[in-house]
Amino acid sequence: MGKNVVVLGTQWGDEGKGKIVDLLTEQAKYVVRYQGGHNAGHTLVIDGDKTVLHLIPSGILRDNVKCIIGNGVVLAPDALMTEINMLKERGVPVEERLLISEACPLILPFHCALDVAREKARGNNAIGTTGRGIGPAYEDKVSRRGLRVGDLFDAELFATKLKEVMAYHNFMLTEYYKCEAVDYEETLKDALAIADYLKSMCTDVSELLDQARKAGEPILFEGAQGTLLDIDHGTYPFVTSSNTTAGGVATGSGFGPRHLDYVLGIMKAYTTRVGAGPFPTELKNEIGDYLGTKGHEFGATTGRKRRPGWLDVVAMKRAVQINSVSGFCLTKLDVLDGLEEVKICVGYQYPDGTVATTTPLAAEGYEKVTPVLETMPGWSETTFGATSVEQLPQAALNYIKRLEELLETPIDIISTGPDRNETMILVNPFS
């Protein structure tokens with residue numbers, strides 16, 4: 001029987017999921033996105049050729065793989081078409097490989113307008129959203145006024161529903177945020193223009209995945225963002241609007257949770273965060289600059305500079321707990337090359353002197369803590385491009401071993417560069 005594997009980020013996103021998903025899809029029949037939207041940025045480098053995907057699953061470059069956008073994903077039709085056209089220009093037969101759930105909530109222009117208006121109104125308290133309408137679209141879903149992909153297939157009903165929801169949101173835009181209203185007729189025309197095209201790719205995702213499971217076909221579920229950005233378990237309110245954790249697989253695709261066999265947590269050898277929010281191990285010094293520059297730490301979606309810091313084992317333990325992580329993939333180990341010493345956060349010290357080894361439940365708690373750091377010797381040798389454990393310096397191996405001890409979870413894959421070939425698979429999640 002084929003295995004069903006989840007690949008997700010265990011930090012604040014940008015861990016290197018796209019490369020690992022692409023690598024593992026060699027053994028998968030289906031690759032499924034189950035949450036988020038085009039706020040995610042997954043970078044693939046194959047033989048030096050770089051591809052950045054935001055909405056379409058990373059397996060789209062494989063000719064033996066069907067890619068699925070599940071119901072938990074909020075879908076922006078214009079962003080999807082931009083991505084499809086980019087891939088088609090490169091010779092990728094997207095229509096043959098991509099399937100979409102009719103239950104995906106739609107992101108429409110008024111969602112983006114609201115997102116931008118709210119961030120502007122927050123001023124210095126801005127959350128740091130991508131401004132792409134993700135949050136407002138999820139709000140409409142939960143409020144049961146949202147429009148879904150399937151609504152596009154009845155033009156008359158769609159027009160009625162759209163008019164109702166736009167009256168509500170345009171009132172907020174003009175009267176509360178003092179912004180321009182979004183044009184109803186233009187929004188309607190643009191949405192209906194691609195209805196038939198989207199319909200040709202729609203399917204019953206839950207049924208398809210269940211039949212695939214019964215047939216023994218391996219399925220890979222691709223997470224976006226990271227555990228610490230989860231709407232329920234992240235550094236609230238500095239979080240995304242979806243469930244980025246393993247639990248989101250079932251709700252965002254309709255796949256039964258008992259059928260998940262392996263959860264691969266992607267963990268960078270250090271930590272980064274983009275946008276606002278607490279970050280106990282953040283390095284605002286020359287070492288932070290070194291990590292940011294060497295690691296090319298700029299967001300794939302927004303281009304924003306990421307904030308670097310030491311690896312936070314306290315937060316990673318929470319990620320292991322929430323996701324039932326089976327094993328880790330350690331990425332960007334090579335970025336630590338050349339440092340005299342490397343540090344790991346093993347506890348949080350509060351102002352009264354007490355030390356905790358578990359994370360707070362909200363952003364305010366994180367703001368109070370100081371990281372308790374364990375120092376280990378660094379290494380001068382390069383790990384870049386290493387393809388076997390024997391090629392790694394002893395100090396790097398000691399660092400990996402210490403992480404496994406602290407997390408009580410094996411590191412099954414090690415990534416030492418951006419190309420899919422620069423990877424060591426010690427234990428294959430599909431084996």
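Yeah, the Cβs are placed from backbone N, Cα and C, and that goes for glycine too.
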Among Gln27, Gln225, which is the one Swiss-Prot gives for the IMP site where Asp14, Glu15, Gly16, Lys17, Asn39, Ala40, Gly41, His42, Thr130, Arg144, Thr240, Arg304 also bind?
Gln225
Separation of alpha carbons, Gly303 (substrate binding site) and Thr130 (IMP binding site) (Å):
10
At the Cα level, what's the spacing in Å between Leu333 (GTP binding site) and Asp14 (Mg(2+) binding site), rounded?
14
Please work out the number of neighbouring Cβ atoms within 10 Å of the Cβ of Lys305 (substrate binding site), leaving out its own Cβ.
12
Want to know which recorded positions, from Asp14, His42, Thr43, Gln225, are within 10 Å of Arg306 (substrate binding site) at Cα; which are they?
Asp14
